[in-house]
């Protein structure tokens, strides 16, 4: 009698697809039988599989023409694709062909815009362990990969992203109508008793300064700037508080005079950033950024002489161009005491709330017509409740959350809000800004203060929570904060110190450059003319009716 066969063994439990797996042999495919039989004494080399993963990373946009790959331009995506190939994640056959490995990005940032938490997805060779280290070794210091997460085969970083959160750091002086006025405003204020002064520092900033990043966005070589001292520090979870280093420039020549000592505003809701500065020079990452670093090495004697000549020139110009007071006496420009008070905050947040909801944002982008369904976007929230200080300059933290954004949309929303706050445009302009039949030329705020803060995948994480790790920045919050403190924040502060990115832009906010600021006045005049024409026509018709009645009345009397 044949022996009974043993009972079948229970199937092994399915292992969740987590990125924390550190055993490449368990997931590896065996080599081909011919290769194994050729030399049995040799250990088998594992042949790794491609894995669908989401890579979480951050970058500083200085010197790049945006995120999306563009032929002939240096982009974040172009450098990242090449680094993936050099790190062994992409085979030779798929090099420079991202469609072959299902490449997708969660957000597409503009030229000069940074990201603290970007997400890209694709099929890559992530084994053996150490993939992130291999990838970072091929990237510039201003692009850092935090980690990766195993995802489903159908995952797409763009399509599965529920919402994106952007932050715009706007200098407080940008909301001061008297700070950095345009020429028309200065001339119009003469003799009014509250004269505006000519902005001397912006006249100097408008010239090309050697050794400073220009409008081309090309960072100087490490040898030119010598800025190799990293800025180190830690910030609590998504809470920028403190001041990066000490100001290298004179704080009284920065923002029209609103900057108080070390950026203190005396408000309970405002916060001050005091981040320690390390000068050990152990990290050469900031050398890639060149002059974007707030901490600079000691300049040479020639540089000192050049800087001294420039300062003398500014002082001489300031002395020559004194403002005549109403009593005939000369007076120097006075320092503004403008700050982000509760009243200013309430008004600014009221203006930003006009954007919340579903609207047609065709006036807040380019290349998209009003009839295009893509012009409709949903903004979840838009608020500016806190002030942070970076290198002696106070910035308002403007946070916007939306499903998706179009080209220049956030910068144009900020631009129009600033124009309204500076009384360049009436607040009633928002009554027509979202109408399909109204076309407005809306100002675009500088790109340097904008950065992507987080991409959220709420629906995906909820659906696949039992089998896949969540796509979230939570495990990498500390790394992201360190990256912002080291690269993004110093770049924003340095661009305002050395080039006056926002200060120079404020001078362009006038009716000559943006005649649509007077749209409501023009539309009101046209409506008034139309009403008068209609009233005249109605009066004429009424007069004709009266004349007809006067002719008919004698006949009525005769009949009676």
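Residue numbering: from 1, along the chain as shown.
Including glycine, each Cβ sits where the backbone N, Cα and C put it.
Checking the ranges 175-206, 303-334, 335-366 against TrEMBL, the region 'Disordered' annotation falls on 303-334.
Segment annotation: TrEMBL labels region 'Disordered' over residues 1-48 (candidates 1-48, 49-96). With a cut-off of 8 Å between CB atoms and residues at least 6 apart in sequence, the same chain places 399, 400, 401, 405, 410, 450, 451, 452, 453 near residue 166 (substrate binding site), listed in sequence order. Proximity of residue 110 (active site, nucleophile) to non-local residues of its own chain (separation of 6 or more, Cβ distance below 8 Å) is seen for 66, 407, 408, 411, 447, 450, given in sequence order. Over the domain 'Pseudouridine synthase I TruA alpha/beta' (352-457) the predicted model carries a mean pLDDT of 97. In the domain 'Pseudouridine synthase I TruA alpha/beta' (352-457), the DSSP tally of helix, strand and coil residues is 28 helix, 36 strand, 42 coil.
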